[in-house]
């Protein structure tokens, strides 16, 4: 295996670890910005290094279309092509089964996509996905899985889970660079605990370098979401990294980390920035709102990032509706926020103050004590007492709409 995973600290199920990859030594929990075609929109590589980005996620499907994996192979891989010295992770292309379903036909052989570039059919098999990812050269590569939305019920969920297990063997057989690229399997099974359990056991039997929990953040209710994460993290190996795919809300990351997850990715921080929305400890700040027009405070007075040090809300308000610089500044701030959250999660676990960190996080986000009921339930399972930051009665609220901005879809 081309990684080592050393747990440095724990609090019940939560853990902080050192993940050593071929191109970088990472600290977990960690958030990975999504750079679909080898770039994070609006930020340079030096800026990403400056704010502490450890791993960038790229997408196999899109990279295979443009610039093509053959070109990437010629120049020595995506690291060289984009001049990125730190770690990379490539998604298998399986997610496009959901996001581009109108362009895709799924069979046992693989997935046939209609290319959005030239309209020609493109067959992505487990073998082809791994061959493309071998040419791209990321530190972590993902197995091709059969992805269905968690809101779908019936036999399609079971079919996808068993196909995912059959495809992992084809991915393993096709993987030609196991000594410098780490193949992660993806747990599927929808919201069915029996199917999830079968998939976890089947993948663990393959003794992979790491494991992902897939098929979430697709519209399921939060109570179902955290229970799937809790079930899978409890059953996955203690000495391997656990990656919850498509998770990008700060609250979700804190909850999943408490339940024992280590890695996350999502387009949310940068996509919501392009809608003029900033991430702050209290939730979100909408810079397009007219109230921002004469607000001379920084986005977040407690944030030490370059944007908060140098620009006011009023200035960014002027930009977000007229100039690309507005979304660039907000993308910088939002990614800084997510990466700082990751660092704070890591240090609080290592230093033995994780419960205090969680309570402080929740107090800022829910100053009235109206912590959503699903968060209370998840923290109880995680063994973290949050009673001090919940209202006396009722202790929790079912409405979590405050943390679900309406302007973007998080399906991944």
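Going from the start of the chain as shown, residues are counted 1 onward.
A Cβ is built for glycine as well, from the same backbone N, Cα and C atoms used for every other residue.
TrEMBL does not curate its annotations; it predicts them automatically.
Of the candidate ranges 232-238, 239-245, 246-252, TrEMBL annotates residues 246-252 with the feature region 'RNA binding'. In TrEMBL, the feature region 'RNA binding' is placed on 270-274, out of the ranges 255-259, 260-264, 265-269, 270-274. Among the residues the record lists as binding substrate, namely 91, 92, 93, 94, 95, 145, 188, 215, the two farthest apart have Cα atoms separated by 15 Å. The recorded positions shown are 265, 303, 305, 308, 333; of these, the one with its CA atom nearest the CA of residue 93 (substrate binding site) is 265. With the fewest other C-beta atoms within 10 Å around its C-beta, 265 stands out among the recorded positions 91, 145, 265. Taking Cα separation as the measure, residue 265 (active site, nucleophile) is nearest to 91 of the binding-site residues 91, 94, 215, 303, 333. Summarising the environment of residue 308 (Zn(2+) binding site), the number of other Cβ atoms within 10 Å of its Cβ, over all protein chains shown, is 23.
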